[in-house]
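**Student:** This structure is in structure tokens; I'll ask about it shortly.
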């Protein structure tokens, strides 16, 4: 435990106290003593309600467990549904309504586009994500498997003109589809010019043409006769054709086009939750300081690449001339949301009555809002929100009472920081079963400030398993994706959001593409999320954001949502279909395969979390395919094994043998990392290995199947152990 400062009824870790006083409070318009006094009062007032809500979760889970035990082998759906209603799990639905959120930025309300999620503990990644508002299509195609390596088009270590030609052809095909010419093809273009406020394209034969829809031309840079950039707009997203006949690529292009740059990640969630490992005051200050640097606009990251020292910083805005001679300024950066933690965890950064740790979600709400306030009052290089709003994503809430508590918390924070009511907007993660089933009521509780709902398959599956742990053995992990409840959950989220008036006002988001190396497959599959009604979906990298942007040019999301707005189906009965296997017929080989896959996944993620404090990373799976892993993937993997153990599908000895065998595989996969600490053969001495064991063997008793309590405790243990070794 570090040093603390007493401020009224709370003790604040000195590292946090100094950061807030020296960096956040100056120029905030707030008095230091009053800030800490108000903070202490807020903690005292809201902590009892937070505890009540957590106790309610436990009470409901106990009732569910008892009911399933009593009805094992004689499950009746109508009885089950009546029981859920009796215990308040299924809430009486509110009357129809529409959300009334105002001062929402266009990136949320108007533009449909990709969304990045990035850990705030990594400044370089966070900067890359903020800058991913614009991305090179040529780089994204050339550097990934989106373009095949057949017929001499290998990536190689130096520029391959065969591959380059394929990239250019792909780019022209895209232009023909998104912004077609009135006659001819963009492939025929030898010059782009602006004449009398119109885009004029000259072809190989000397003919000229314009855009089929001239209004899609919105700006340019350089001389009208020889522009260096032509700005087009389709389905609300911008496309920039960059022209430079001296450039290595431009030289080879008959129109001098060196690149096609796409508006890509229009929004980014700067994450202080599932993708970070922040277990104490020092870790939390790193999260907050990086967020403050992003908001102020002065965050930088220095790193070595190919033997050169590189410095990353935020991109400036982009300035264009408009067709009528005016000026157009477009944001150079993604609109930032910040994800706070949920209601469960506490943190030792602040202690209150009897030395109790503060609920981390309460602390996050106050400090991240204080940070974002600086952007609203002109203390920053760039504006984040042009509408004067703060965007906070709130995860892992169960039912409408918990959402109402978040609303009360945000009310109190606004009053404390001198912000107008509903300045703080909320994004509600629909990732817990009790929220999915009562989503309309949840939205109603924040109808004046909601800007986002989002489905998250992984956390939601973890909760699905844990909620019905006593119902029987669950489907294998990969079979969950085609289960009845999951299909209904995805459809219901869209239907409820649209019925509540989200179209043109708020985001309806869908989940992560977890395979950052498999971009060709992403291009084939991820467009389906837009056809299902999403106006944003998660991507794992800036490159993936650029490629996913192509889908938004192919699909007019606003039109899709108009069609789906008539969907008044009630999906709740299908969502209540428990993914249990009544008479499992799995072979011994199939069971072992499931154990191998899940144990390897757990160990690969946990070893970096516990030993190195890395909360999100690309972890090779058992087939060496890199998968983006965070706490959500860990929750489902650990809960499926806890469920199978509980129902005798496998034994503890079998799981332990698998863990030890897979630890050797993970050790080999990490052999190139100089900071890596092997788990084998001294398993008892590896805090990371023991954490993985806890997550499985104690998975039944974890609150709602969450992994944070074990991870935090074991990470603190590892930090203390490594510090003692170094002394």
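Heads up, the Cβ atoms here are built off N, Cα and C, so glycines get one too.
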**Student:** Determine which of 360, 431, 432 appears in Swiss-Prot for the same glyoxylate site as 339, 456, 457, 458, 459.
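**Tutor:** Given 339, 456, 457, 458, 459 bind glyoxylate in Swiss-Prot, the matching entry from 360, 431, 432 is 431.
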**Student:** Check Swiss-Prot for me: it has 117, 124, 125, 312, 540 binding acetyl-CoA, so pick out which one of 157, 158, 275, 492 it puts in that same site.
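**Tutor:** When Swiss-Prot describes the acetyl-CoA site, the candidate it includes is 275.
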**Student:** Among the recorded positions listed here, 124, 312, 339, which has the most company in the form of other Cβ atoms within 10 Å of its Cβ?
**Tutor:** 339
**Student:** Helix, strand or coil at residue 630 (active site, proton donor), per DSSP?
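**Tutor:** The three-state answer is coil.
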**Student:** How many Å separate the Cα atoms of residue 459 (glyoxylate binding site) and residue 124 (acetyl-CoA binding site)?
**Tutor:** 27
**Student:** Glyoxylate site residues 339, 431, 456, 457, 458, 459: biggest Cα-Cα distance, Å?
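**Tutor:** Comparing all Cα pairs, the maximum is 18 Å.
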**Student:** Which residues does residue 275 (acetyl-CoA binding site) neighbour through Cβ under 8 Å, counting only same-chain ones at least six apart?
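**Tutor:** Same-chain residues close to residue 275 (acetyl-CoA binding site) (Cβ under 8 Å, separated by 6 or more) are 117, 118, 119, 615, 616, 630, 631.
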**Student:** Looking only at 117, 124, 125, 275, 312, 540, which the record lists for acetyl-CoA, tell me the maximum pairwise CA distance in angstrom.
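**Tutor:** Largest pairwise Cα separation, rounded: 21 Å.
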**Student:** Just give me the nearest neighbour of residue 431 (glyoxylate binding site) among the binding-site residues 124, 312, 540, Cα to Cα.
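**Tutor:** So, of the listed binding-site residues, the one sitting closest to residue 431 (glyoxylate binding site) is 540.
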**Student:** Please state whether DSSP places residue 275 (acetyl-CoA binding site) in a helix, a strand or coil.
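**Tutor:** Note: residue 275 (acetyl-CoA binding site) is coil by DSSP, not helix or strand.
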